[in-house]
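Scroll down for the structure; my scribbles are underneath it.
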Amino acid sequence: MAKVESFTLDHTAVKAPYVRLITTEHGAKGDVISNYDLRLVQPNTAAIDTAGLHTIEHLLASLLRDRMDGVIDCSPFGCRTGFHLITWGEHSTTEVAKALKSSLEAIANDITWDDVPGVDIKSCGNYKDHSLFSAKEWAKLILSRGISNDPYTRQVV
């Protein structure tokens, strides 16, 4: 089986919340794609409930695109501790952390249910599994801990 970087990461050594560049891939025609670890909660100590995580996912899909160029996708980890962010080009972890922080601030303070995209039967594959209340509570908790641009040394942006 192929070696997967995220399964070689020492999850006991990282200090969430943080942004980590996992890899930058260069295509045959010169295109560049970057993959980031947006770790919101400490691995093996907490996990975001699925309804809250699902709502955060829908909101980050839009909010990160408003704050950064080149966002391709933002998808949750199966362990429910954060997200993969895939982008065109290369962004510093500081730039990504600032965009994430601003997005979580919007979720915590400004977003209403009417702002959450894709929450009906036609636009979501599990539309009943959402919680804006949970998303807001998690956003507040994550922000209170600060988002680092380094996974091992706390460098809060």
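A Cβ is built for glycine as well, from the same backbone N, Cα and C atoms used for every other residue.
Per Swiss-Prot, the feature Fe cation binding site maps to His54, His58, Cys124; the stated evidence is sequence analysis. Taking a C-beta cut-off of under 8 Å and a sequence gap of six or more, Cys124 (Fe cation binding site) has these contacts in its own chain: His58, Gly118, His130.
Comparing the binding-site residues His54, His58 on other C-beta atoms within 10 angstroms of each C-beta gives the minimum for His58.
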